Amino acid sequence: MLKKSDNKMTDQAYWCVVSGSDIWVNDDQFPFGSAEELGLSVEHAICIGQHQGRKVYWLNDCDVEIELSMVSLRDLLHWPESSFLIASKAIQYGHMTQSMRFCPQCGGRNHLNHNQVAMQCGDCRTLHYPRIFPCIIVAVRNDNKILLAQHPRHKTGMYTVIAGFLEVGETLEQCVAREVKEETGIDVSNIRYFGSQPWAFPSSMMMAFLADYAGGTLKPDYSELSDAQWFDVTSLPDVAPVGTIARQLIENTVDDIRKASVAEQELEH
């Protein structure tokens, strides 16, 4: 539930002012203080939770009269998870209010319903909840190697694991197998859940898996990828940044391979 506060002008609180995928930060942390001290107008400020025992307020930058120094959410991947998730939440709420201004049922004007985390039509009263796009992301292992791919959108040339959107009528496990097959031509088995991460670019939920190579020849789909290779864990390329669940998958797989290698060496001796 979103909460309005009668004390927004004087509350000592953290503030999340967002614009698209950008957020206001001060000295690499959430700005802290009262709205009065920070020069913020609070008519549209909404409490979206707590951080370190203090309220967190969200505002869209269009509701702020002063110019603020904004940074991309991607630049905050080094933040502690609790802080990054709060920033992600604010950005996703901002995206909801900006992308769902009109009701798809009747065309009426939507407004934010503070009792439901949703936009509500002023005419037909239909509630429209935030759009969350489910995606899978998977690290595939083949003995002592990991499958990594390079995407044209990654200008730095980094490599990462395979990912894709869930289709209608599809289980997560089916999606894992399909995406790997479509993008690389290989089959996988032993698909197992690893973890998840909200990914506010603009509103995805990444559901992470581990899988094992089961067969097929690596044939990258060059309409989707720039490259895909099996990499030995001793010679990895530049990979996804720290803070991403892609990096967690890669590190977990590399650790498992190294542990297995050590165990094999101990058995030989």
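Numbers here mean position along the shown chain, with the first residue as 1.
Cβ atoms are placed via backbone N, Cα and C, with glycine included.
Note that the structure is a prediction, hence the values are computed from the model and not measured.
When Swiss-Prot records ARG74, TYR129, GLN197, PRO198, TRP199, ALA200, PHE201, PRO202, SER203, SER204 as binding substrate, the matching candidate from ALA35, ALA45, ALA246 it lists for that site is ALA246.
GLU224 is the only one of GLU224, GLU251, GLU264 that Swiss-Prot places in the divalent metal cation 3 site (with GLU179, GLU183). Swiss-Prot annotates GLU183, GLU224 as divalent metal cation 1-binding residues; of ALA163, ALA208, ALA240, the candidate listed for that same site is ALA163. Mean model confidence of the domain 'Nudix hydrolase' (130-253) amounts to 96 (pLDDT, 0 to 100 scale). It is 11 Å from the Cα atom of GLU224 (divalent metal cation 3 binding site) to that of GLU179 (divalent metal cation 2 binding site). Annotation for GLU179 (divalent metal cation 2 binding site): spatial neighbours ILE136, VAL138, ILE162, ALA163, GLY164, criterion Cβ-Cβ under 8 Å with sequence separation of six or more.
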